[in-house]
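Pulled from TrEMBL, these are the features on record:
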- A:1-87: domain 'GST N-terminal' (DOMAIN)
- A:90-213: domain 'GST C-terminal' (DOMAIN)
There are 2 protein chains.
Amino acid sequence: MTPILTAFKHSPDRGQGLARDMRVRWALEELGVAYDVHLLSFEEMKQPAHLARHPFGQIPTYEDGEIVLFESGAIVLHLAEQHLGLLPDDASARMRAITWMFAALNTVEPPIVERSMAWVLEREQPWYAQRLVMLDERVRRLLGELSARLGDAPWLDGDFSAGDLLMVSVLLRLQSSGIVDEYPVLAAYIARATERPAYQRAFAAQLAVFQNQ
Amino acid sequence: MTPILTAFKHSPDRGQGLARDMRVRWALEELGVAYDVHLLSFEEMKQPAHLARHPFGQIPTYEDGEIVLFESGAIVLHLAEQHLGLLPDDASARMRAITWMFAALNTVEPPIVERSMAWVLEREQPWYAQRLVMLDERVRRLLGELSARLGDAPWLDGDFSAGDLLMVSVLLRLQSSGIVDEYPVLAAYIARATERPAYQRAFAAQLAVFQNQ
């Protein structure tokens, strides 16, 4: 059975590739796994049929006949465990790559999302400018530390892994802010990752959903 | 070699068990693994020796002679893969438990941390009350969805797993707010988890660090 991914019927970012289905599409493309996409409206996401797949009524979910999963991080890990290409064979190196997956999602992404959400929800508020300074400072501290760790290496730990895939996906959420450009090491890292043919195919696939509307 | 965990020398929460070493201590206790703790001051956390372990200069880290890991989620997953007791044997059930780990850390924790950080950083600001309403609304929506999914079950999916361990750890960060008490299903879930002897031992161990100062 071809795996089925759920994604937004009406992309909130209008095809910029920032929705979380993009991470899973990218992993599927890196691993050479064909997939189908089931598009959901915001209303459909909160209906019982989808809540059975995803308790928080979000996208993406993943079904392959054997399993129904939610959470993009878990889906990427599942795919990386099922197919060769996104996790090293060596047990320690594999666990270090998985550590970078958690770092992307639990350390780096939350302040970046908080910054984006402030723009969405609070940009008309009188306090927005003052909060943005604080939010930017926190993001810059993380980017400085990440940049220092990456240094001259092409990827976070050895070959490109699911850890890089998630880290780059998270950093891309900052793209419109221009902040990443202050960190040339990270800008080059993102460029290196997004030039990968698998990223390009995944990006085109999610953009097509929007262009076809 | 006995594994070594790093933790705060000066606990910001004064031993309430909310620092992220607690999750790893709890997992170690559930699995019956003895461990040593290396306490670090905030200054030591940002020194090269610790940055080599943890690129973001945080706690906890975990070293067992074979591997050095950071990120509490990754460490708990590593331990759950090395020892029986926190992940089911069945491949699909194992992956569903891991999905709950990611859900705890990437979906449920960020809005809870944002709420706590607002109290720490913004409670003196004129906008705090207005933002808190918005932050509480987001947290309540998530708790409502989580409560609906849990329903009458004792744990999120089958037996107690690393997913429950992380979800309860995350929910405990709301304890002082009283919000969880609005969701009796979740209050009972937290009580069930924190009554476990392994949780009690881990809690006592982290509290002892503070009491001995």
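Cβ atoms are placed via backbone N, Cα and C, with glycine included.
Per-residue confidence over the domain 'GST N-terminal' (A:1-87) averages out at a pLDDT of 95. Helix first, then strand, then coil: DSSP counts for the domain 'GST N-terminal' (A:1-87) stand at 30 helix, 16 strand, 41 coil.
Taken through DSSP, the domain 'GST C-terminal' (A:90-213) splits into 101 helix, 0 strand, 23 coil.
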